[in-house]
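> Sequence annotations record features per position, and here Swiss-Prot assigns ATP binding site to LYS11, GLY12, GLY13, VAL14, GLY15, LYS16, THR17, THR18.
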Amino acid sequence: MNRIIVVTSGKGGVGKTTTTANLGAALARLGKKVVLIDADFGLRNLDLLLGLEQRIVYTAIDVLADECTIDKALVKDKRLPNLVLLPAAQNRSKDAINAEQMQSLVEQLKDKFDYIIIDCPAGIEAGFRNAVAPAQEAIIVTTPEMSAVRDADRVIGLLEAEDIGKISLIVNRLRPEMVQLNQMISVEDILDLLAVPLIGILPDDQKIIISTNKGEPLVMEEKLSVPGLAFQNIARRLEGQDIPFLDFMAAHNTLLNRIRRRLLGG
């Protein structure tokens, strides 16, 4: 049975599209057939993060206009045979497609893939409603900032109103040193505020920026970095595996203790 998941946030710039790209690649590496749908019409970026921007010929709009079949619009990733992208049109606004059309696209794909992952545009307007319409599950991406958490709370309420059966949370850009200084909200406090299950924690790491600029998802590295491992673990949890969370706070404390010992000559 396939799964249709929308990745959303409410607030822009929290790492939603980066999450979509890495989860798709990680699931493909686990042997799952995955299609990523870029639902951010007019502002598509998913193709860039996957390094597929030069291979786009048709988009979802062309499929809906009967200018091509959906198979022709799918962009294959030569590095990962199980991963394909259905790109958004870059020259259209977010209202270029409606909820029924989004459901039609998903209907054409659902018998061919194990996972259909929809990259939702930021905000809670028409683009959000369209992306959410065919989804069975949702992953909320937030950062440890009050504005992002408040927006995530609003989105959770909207998802529940749409009868989305399963909602999970990813906390991105965690900085343990700021949490310890009470300059950043802790993961525990975010969970208390949002009251949805946690599926992943990602550190604030420059490797994520480097990978997005290169168009190479972190999970495709031969030797996984810490954020790459965190993304891989999220994919494995989606598959039902019981994977412990990386303890970034403990790792930070261990580093501090090492520095103190060196300074004190211990």
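All positions are counted from 1 along the displayed chain.
Glycine is treated like the rest: Cβ placed from N, Cα and C.
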> LYS11, LYS16: which of these binding-site residues has the highest Cβ count within 10 Å of its own Cβ?
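Of the binding-site residues LYS11, LYS16, the highest Cβ count within 10 Å belongs to LYS16.
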> State which of the following binding-site residues has the fewest other Cβ atoms within 10 Å around its Cβ: GLY12, GLY13, GLY15.
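It is GLY13 that, of the binding-site residues GLY12, GLY13, GLY15, has the fewest other Cβ atoms within 10 Å.
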> Specify the secondary structure state of GLY13 (ATP binding site) as given by DSSP, simplified to three classes.
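It is coil.
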> Tell me which residues of the chain lie with their Cβ under 8 angstroms from that of THR17 (ATP binding site), as long as they are six or more apart in sequence?
ASP40, ASN45, LEU46, LEU49, ASP119
> Other than LYS11, GLY12, GLY13, VAL14, GLY15, LYS16, THR17, THR18 themselves, what residues in this chain have Cβ atoms within 8 Å of the centroid of the ATP site's Cβ atoms?
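Result: SER9, THR19, ALA122, VAL141, ASN172.
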> Give the sequence-ordered list of residues that share a chain with VAL14 (ATP binding site), lie 6 or more positions from it, and have CB atoms under 8 Å from its CB.
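Once residues fewer than 6 apart are set aside, VAL14 (ATP binding site) is near VAL141, THR142, THR143, ALA148, ASN172, ARG173.
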> Using all protein chains in view, find how many other C-beta atoms are within 10 Å of the C-beta of THR18 (ATP binding site).
25
